[in-house]
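Taken verbatim from Swiss-Prot:
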DOMAIN    107-229  domain 'MPN'
MOTIF     178-191  motif 'JAMM motif'
BINDING   His178, His180, Asp191  Zn(2+) binding site
Amino acid sequence: MENSLKIKDIPKNERPKEKLLSYGADTLNNSELLAIILRTGTKGENVLQLSNRLLSEFQGLDGILEASLDDITSIKGIKEGKASQILALAELFRRFRTFKSADRDIKIMSPNDIAMLINGEMSLLKQEILKVIFLNTKNIVIGTKDVFKGSLNTSIVHPREIFKEAVNKSSTKIIICHNHPSGDPTPSKEDINITLRIKECGEIMGIQLLDHIIIGKNGFISLKEKGFI
């Protein structure tokens, strides 16, 4: 039966590891790459079949990278060992996207530049986070910081925390960004109120709020482009 087919029964040049070594990682599909990470299958299922099932259950690689420990271990045959391998892969991906951008000066010229900087990291988050990007007079990024976690509202978002960090970094401009775990980046009334409050405080302190970017699953919205800044 196909379900009992073992990796060793697959022609050697079609096995993920051998294929990678012979032809390069870029020749492998997502299922084959995931199979190399997982290394082994489960009872009655080889590692390629397991990888295909995971990709199907989570509707693609994005879904796997967004999954929590409970999400992954709820899948039949997946224990904490394999779940930890997947979670480690997801964390490496997030860190790569963050640290890659730190290797060079980044100049912000448009909302697209902001989205390119943070989208890979923030679009995968399941908890709402407010991130601040600090810039110098030339719009070069000089730092970022997550300042709030959880549902955002004007009662918990304190501008002093944002501007204290901006002053410490000698930042003359800031951009605030947060994600909507629902996937819909449409700004809420609270999002707009928070934006206006931070903008007003910035004007008093001489630190300009350039934009507020809201990240969704498949896109983003710039409150500056929408006319709120």
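Cβ atoms here come from the backbone N, Cα and C positions, even for glycine.
Residues of the same chain lying 6 or more positions beyond the ends of the motif 'JAMM motif' (178-191) and with a Cβ under 8 Å from any Cβ of it are 122-123, 125-131, 152-154, 212-221, 223, 226, 228. Considering other CB atoms within 10 Å as the measure, the emptiest surroundings among the binding-site residues His178, Asp191 are those of Asp191. Across the domain 'MPN' (107-229), the prediction's mean pLDDT works out to 89. Under the three-state DSSP scheme, His178 (Zn(2+) binding site) falls in the strand class. Remark: secondary structure over the domain 'MPN' (107-229) totals 39 helix, 36 strand, 48 coil, with classes taken from DSSP.
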